[in-house]
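Engineer: The following feature annotations were taken from TrEMBL:
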type	residues	note
ACT_SITE	C126	active site, proton donor
BINDING	K22, N23	phosphoenolpyruvate binding site
BINDING	R102, R131, P132, V133, D134, L135, K172, V173, S174, V175, D317, I339	UDP-N-acetyl-alpha-D-glucosamine binding site
MOD_RES	C126	2-(S-cysteinyl)pyruvic acid O-phosphothioketal
Amino acid sequence: MDRIRIVGGNQLQGVIPISGAKNAALPLMIASLLTDDTLTLENVPHLADVEQLIRILGNHGADISVNGRRERQGESYARTIHFTSRNIVSTTAPYELVSKMRASFWVIGPLLAREGKARVSLPGGCAIGTRPVDLFIEGLAALGANIEIDGGYVNATAPEGGLTGGRYVFPKVSVGATHVLMMAATLANGMTVIGNAAREPEVADLAKCLNAMGAKITGAGTGTITIEGVRSLSGARHRVLPDRIETGTYAMAVAMTGGDVILEDTEASLLDTALEAIRRTGAEISETNSGIRVVRNGAGIRPVDIVTDPFPGFPTDLQAQFMGLMTKSSGVSHITETIFENRFMHVQELARLGAKISLSGQTAKIEGVSRLKGAPVMATDLRASVSLVIAALAAEGETMVSRVYHLDRGFERLEEKLTRCGAHVERVSD
Ligand code: UD1
């Protein structure tokens, strides 16, 4: 199994190209099941999760061809992928496939809307809490679906004549359930109104693509989404929006090590709250023509408190990275996680590098230390793993991160992007 070896101490200087967003690419790929025509997605990141979803969509009958690359400094950072599901050959998403990635559960929406039935295994994914599917079930039931859970599978069927538009107000904000309900409603009879919808930019990106396919969606990106059902959807061509989590991660890496880096092909408006928090730590952040410039000079890292929240709040997917940054702050900071109940597994690994962190319920108290020291650590989930990389970049000596398959699920060419900016990061294959 691969490991990543990091020798800390270097400042970051240069340009980092930001990839297309994993969390947009996945629902966009799944939306291709809604049409028998071809959906072409540009700027799709090359990640293990994308490869896994390609296998899952293929199992339902999608023909998938990959071509077109985005070149940068002689390396390709993204692909154009064509998805054509002329016929759906299976409406079952089996345990062996779905258990590897939670988002694959989302095929339930398009399969149910287009074929009138779906049998989808209950999901797996990152071990960051219980992550139930009750909101998906309630939402789809509001469109008339009949849903039963049996033997680890969710069996959903639409009434004769298909799903019907309905009104559903989420009791809790869910990104995935908003994606699924919005996709299912595009082909329902009549009008659907989704209240307390997730406002994440990836939801708006999916709606933009669905509208290009002929859907009639308004309000995506706000708390209320209205969908007027149409008979069928056509193909389209859509460019995946930039990855705001990758953007924030590298911005925090620069704030941690010091230096001067341009994050290219991204947009500050996708992560205002996180950038503001990074600014308060002492880094200078400015917008450039092509992206964002992050600079931190000699001054130390100021302690800053954050609380995670649904968009536009501070993203839970940047919580671990921010904790990595706070380990070297000049004082005491607090981080409160409100989205997932078990998302502090990085704490004990950061402690191995010398961080001083104590937990009380959903809040971590971080007492900044003046030096971290490299150590062997283990990646525990996708975002937690990259917090270890951030800390290791500023630690003295060598850190070996094992279980890097977590990183490969969500960060395209991480070691290359950092190495080009002067960091000492290499992949070691055993
Ligand atoms: C998505 C993101 C993930 C991010 C998360 C929150 C993708 C592929 N993944 O995950 O990176 O961390 O949003 O921003 O886009 N919940 C329920 N019942 C449900 C569904 C969710 O109780 O039926 C709960 C979850 O356990 C969690 C909260 O709702 O506590 C938010 O989860 P949700 O927004 O659904 O996360 P995902 O869509 O899985």
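The backbone N, Cα and C atoms fix where each Cβ goes, glycine too.
Just so you know, TrEMBL annotations are computer predictions that nobody has curated.
Remember, predicted model here, so these are calculated numbers, not experimental data.
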Engineer: From the binding-site residues listed here (K22, N23, P132), select those whose CB sits under 6 A from an atom of ligand 1.
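Structural biologist: Within range of ligand 1: N23, P132.
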Engineer: Of the binding-site residues P132, D134, K172, D317, which sits closest to N23 (phosphoenolpyruvate binding site) by Cα distance?
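Structural biologist: Smallest Cα separation from N23 (phosphoenolpyruvate binding site) among P132, D134, K172, D317: D317.
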Engineer: Judged by the number of other CB atoms within 10 angstroms, which among K22, R102 is the least packed of the binding-site residues?
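Structural biologist: Taking K22, R102 as the binding-site residues, the minimal 10 Å Cβ count falls on R102.
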Engineer: Rounded to the nearest Å, what's the C-alpha distance separating P132 (UDP-N-acetyl-alpha-D-glucosamine binding site) and K22 (phosphoenolpyruvate binding site)? Just drop the number here, would you?
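Structural biologist: K22 (phosphoenolpyruvate binding site) has its Cα 21 Å from the Cα of P132 (UDP-N-acetyl-alpha-D-glucosamine binding site).
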Engineer: Sorry to bug you, but what's the C-alpha spacing from R102 (UDP-N-acetyl-alpha-D-glucosamine binding site) to K22 (phosphoenolpyruvate binding site), rounded to the closest Å?
Structural biologist: 13
Engineer: How many other Cβ atoms sit within 10 Å of the Cβ of D317 (UDP-N-acetyl-alpha-D-glucosamine binding site)?
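Structural biologist: Excluding its own Cβ, the number within 10 Å is 23.
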